[in-house]
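Annotation comment: Swiss-Prot describes G10, P11, T12, A13, S14, G15, K16, T17 as ATP binding site, evidence class sequence analysis. Marked as substrate binding site by Swiss-Prot on the basis of sequence analysis: T12, A13, S14, G15, K16, T17. Per Swiss-Prot, site 'Interaction with substrate tRNA' is recorded for S106, R127, and the stated evidence type is sequence analysis.
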Amino acid sequence: MTQRVVSIVGPTASGKTGLGIAIARRLAEAGERAEIVNADAYQMYRGMDIGTAKPTAEEQAAVPHHLIDIIDPEDTMSVARFQQLARETIADLQSRGIRPILVGGSGLYARAAIDDITFPGTDPDVRTRLEEREKTEGAGALFDELRAKDPEAAARMDPRNPRRTIRALEVIELTGKPYSASLPRYRYVIPSVQIGLDLDRPDLDHRIDLRTKQMYDDGFIEEVERLRPHLGATAVRALGYQQIIDLLDGIWDVNDAFADIAQKTKRLARKQMGWFGRDPRIHWLQALNPKLVDNAMAIIAHADAGDYDPIDARADEYTQHHLGDITA
């Protein structure tokens, strides 16, 4: 048997934090140590507590959490940097006999920790040169070049989207490999099992409405007011923070600001379900099922026994990849 990393995924407000803690406690009852590794990009920022639904002090005391409150809001967290930190943390925990439980928001971040994904980086000089060529030669000429260098990537990309064509050519020049070689693969590089939390849309929308109200009650306006001078270009993109900045500037009233937060959170949740739904390795469970934790533990036991390995090994065959920007 191989002790798997447990990755808990699903839309915002679906209860991932609670399930992660419940699994860790259940494992502890069986004599196995487990700790949580955060995969939510914005929960890594110090002080961004209410707006990111960061685990409370009590929750973090119940089960040790990693990669929370590790950078200041002025700093930048990239998925490539997170990948390095997450894999180092997972390796350290496993070396001490502790099972990592990955709990996260962004699908790309959660996958970056455990999947076959590389991030080639960028070169401003190469990017600028390609952008100048697009202006002088046209998007069609660049796409023809991509088609000659990487037919697989070109076959799946929209020739009317020069930004992605430029990115693909940039990666080819930087790596000397086809752009398609850098695409995310549905292939674990760390033995893992993914558990997804699913809710009917009305139930999820209700949870989001309750969370948004709780953000107001907990002092989200005051949090943003305090953090505003320190929010960098990345941190300020966390959902809800710009709405409160606009509220403080008199652009929104309080009701409209929080209504917009709720609406955009619901939209994000639907996008997240689309993202996670493309991964055939995820074992979906009903978040409101009273036997949720029991069902999750059964999945973990099957994964540790290798029961899912034959299906997981073929996951890439069933998946159409979305050719987006893979950047540092």
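Placement of Cβ uses the backbone N, Cα and C atoms for every residue, glycine included.
The structure displayed is predicted, hence computed values, not measured ones.
Structure with Swiss-Prot features highlighted.
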residue : record                                 : DSSP (3 states)
G10     : ATP binding site                       : coil
G15     : ATP binding site                       : coil
S106    : site 'Interaction with substrate tRNA' : coil
R127    : site 'Interaction with substrate tRNA' : helix
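Same-chain neighbours of the ATP site beyond G10, P11, T12, A13, S14, G15, K16, T17, judged by a C-beta within 8 angstroms of the site's C-beta center, are, in sequence order, L197, A287. Taking Cβ-Cβ distances under 8 Å and a sequence separation of 6 or more, the neighbours of T17 (ATP binding site) in its chain are A53, P55, E59, V103.
With respect to their backbone Cα atoms, G15 (ATP binding site) and R127 (site 'Interaction with substrate tRNA') stand 41 Å from each other. Sequence-distant contacts of G10 (ATP binding site), defined by Cβ-Cβ distance under 8 angstroms and a gap of at least six in the same chain, are K16, G196, L197, D198, Q272, M273, F276, A287.
With a cut-off of 8 Å between CB atoms and residues at least 6 apart in sequence, the same chain places A53, L204, R207, I208, R211, T265, A269 near A13 (ATP binding site), listed in sequence order. Within 8 Å of the centroid defined by the CB atoms of T12, A13, S14, G15, K16, T17, the record's substrate site, lie the Cβ atoms of G10, P11, G18, A53, L197, R207, A287, excluding the listed residues themselves.
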